[in-house]
Every structure is written in structure tokens, then in C-alpha cells.
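These notes are about the structure you will find just below.
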């Protein structure tokens, strides 16, 4: 067992895969086929599952706010910026020989930087899991609005999870096309509708949601660490983001096409009534249950990094949590309790996205990777890296500030309306 005083388990970070490896005898290895690393497809599904979470449910509402053309452009831009930030993380990690995201930040900015990153990941993942719990609860209760375990076994649940998300997209697209053909829906707005100052500021509230939809940076290293060939990681990221962007574009387009200006913050709640086609009730149930199961399968992957980073914050010099059953079960129970309580008090998923997206998610996804490239402790940053980094920081800080100001403006506007 590693010593609690051994710094490599906390400062540099051990090479932790998504699931801990098990030791097998030679006979067991022969019988079970052994495990010599995750496959390319398995890693793509694992990463895609991390990306495609609850954020997809709020994307049609982004189209409602921005209009179809700006909304789709923002989804593509988000994917491009995400790929750039992840590429920076991977390249600078190899230069610093860091096996974790927090280890890379620690190498560039020391202990305070590592602590801040871990705090951001904890806040982001807690917010996401609260959203998951809200949606799962809505699926189960309805809404008031409208064998031997191997390290690569997550690829099966991840593939199933991505498949269930595609089922949701396929049904949404099918219903939208049928209703478009029979003339019961109109083409959606192509541009945003600006009627007053409040509607202008509300455009910026879409940015935290979009940022949150692409956050997967904290699971990049665990997925890379279990690959047969780590050099494939860049291609895996590109393939995964292409898959997720395609799902996002289809969901946004067909969801907004189907529900138009009646699109809710969580489009899943739109599937709670008559869709105006045969077998509407059955399709509603299939959509809601399939996506509820999808989130249940995503939940453990997000929870993994949440627990790992919270443990690093609370017990920075303790032995790894995998070797301490009492600490493992205590943290797990406390986090699950907090998530359950939070899901009962957060009014909607849009509110959770606003809080985590404008603060923690935008820091994890863009500010920290750009800051690492600008810090360049190993002298490998190119002129293009610095330019992209400054652009990412400018976009992240300005959009986050605008979104927070928009939320504050909305709160005071609502108070004036109630007072009047």
C-alpha cells in the first residue's frame, strides 16, 4: 500500500484509469482474454458519454433564444474551442509528464492552482449531477411544466448510453419531420427576437449552457491512461467531438423545429403531452425513459471525477481514496445526499447551468488550459498557442461576465415586476 507521505500520489497524481484495474493470475488472464488497454472505440464512447449529459436537453432552448442560424454556429464554435483546449492539455501534459489535469495545473501554478482547479471541477460536477437527478426525477414522477470486471468494461455502458441519446434524437427528428410534412408546424425563427433590453441581455445566458455541454476535460487523462496506444488520444478527442456535435446539432434543430417558441428550458419536459401524431403517448414514454436511463449510465463517470477531486481538496496528503474504504464510503454517501437535496431545491436545470457554466465550467474548459499555455513552463508553446489562448480567455471572461450581469439584471427586473 502506498505511503501517505509519498508525494507522487497527490502532487503529480497517479495514472488513474476510469475504473481500477484488477489483478489476475496467469490462468485467469488466459481464460478471460486479459486486458492490455482500452480500444479506440471504447475510449470514443467513454469520452462521448462524458460530453453528452444533461446539457443536450437545454440546447433547443438555446435555439429559441438565439435563433436557428446563430445557435448552430455557436454549437460548432464551441466544439472547435473545446478541441483546441483539450489539445493544449494533452500536449503540455506530455511535456510536464503529468498524468492528471490537476497535476498539470500544479506543475504550472503550484498548489494554489491545483486547489482552485479541483474546486471548479467539484462545483461543476456537483451542479451537473444535481441536474441529472432533477431530470431523472422528472422522468420517474412527471413534471409540473409541460461477471469479472475489466478496466475497459465502461465501453459497453458508454456505448449504450450514447445509443440511448441517439434514440432520443432519432425520435425527435422523426416526429418533427412527420409534423412538418403534414403542415402542422412552421419553420423556426432563424435569428434572435430582440424586443427590449432584457431580451438582449438574455442572449448571453445561453453561453454557460453551451460551455457546460462540452465539458469533459477532467476525464481526458483517466481515459488516456487506459488506452492501448496513448498517441491515439488526439484522434479520439476529434472523433468524439464530431459525434457529440452531430448529436447536438440534430437535437437543437429538430427540437426547436418541433416545439418552436413553446420550447422549454428542459426540452424533455415538452415530451409530457400530446405530440399531435399517432402513438404520441408511447413515443413520449420512450423518449423520457431512454434519456433517463442514459443519464443513469453517465452519472457514475461524472461522479468518479467529482469524488476524486473533492477527496484531493479535503485530504491532499492522504493515501489515494481507492485504498481507504472508510473515506471512500463516507465521501460517496455525503455527496449523494447533497445531490439529492440539491435536486429538490434547484428550481430548474437552466438555473443550475447558469451558476456552474458561468463560473466553474468555463474555468475548467477554457481559462485553465489557456493559462497553462501562456505560462509555458516547458517552453513548448507556439505563437498560435498564445494567440488562441488569449482569444479563449477573452471570450471566456467576457461571456461569463455578460451572463452573470444578465442573470442579475433578470433578478432585479423580476423584483420590479412583482413590486409593481
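Glycine is treated like the rest: Cβ placed from N, Cα and C.
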16-37, 38-59 - the range that TrEMBL marks as transmembrane segment: 38-59
Per TrEMBL record, range annotated transmembrane segment [choices 87-109, 156-178]: 156-178
309-327, 328-346 - the range that TrEMBL marks as transmembrane segment: 328-346
Cβ pairs under 8 Å between the transmembrane segment (66-86) and the transmembrane segment (352-375), at least three: yes
Most Cβ pairs under 8 Å with the transmembrane segment (352-375), selected from 116-135, 156-178, 236-259, 289-308, 328-346: 116-135
Candidates 38-59, 156-178, 236-259, 289-308, 328-346; stretch with most C-beta pairs under 8 Å toward the transmembrane segment (116-135): 289-308
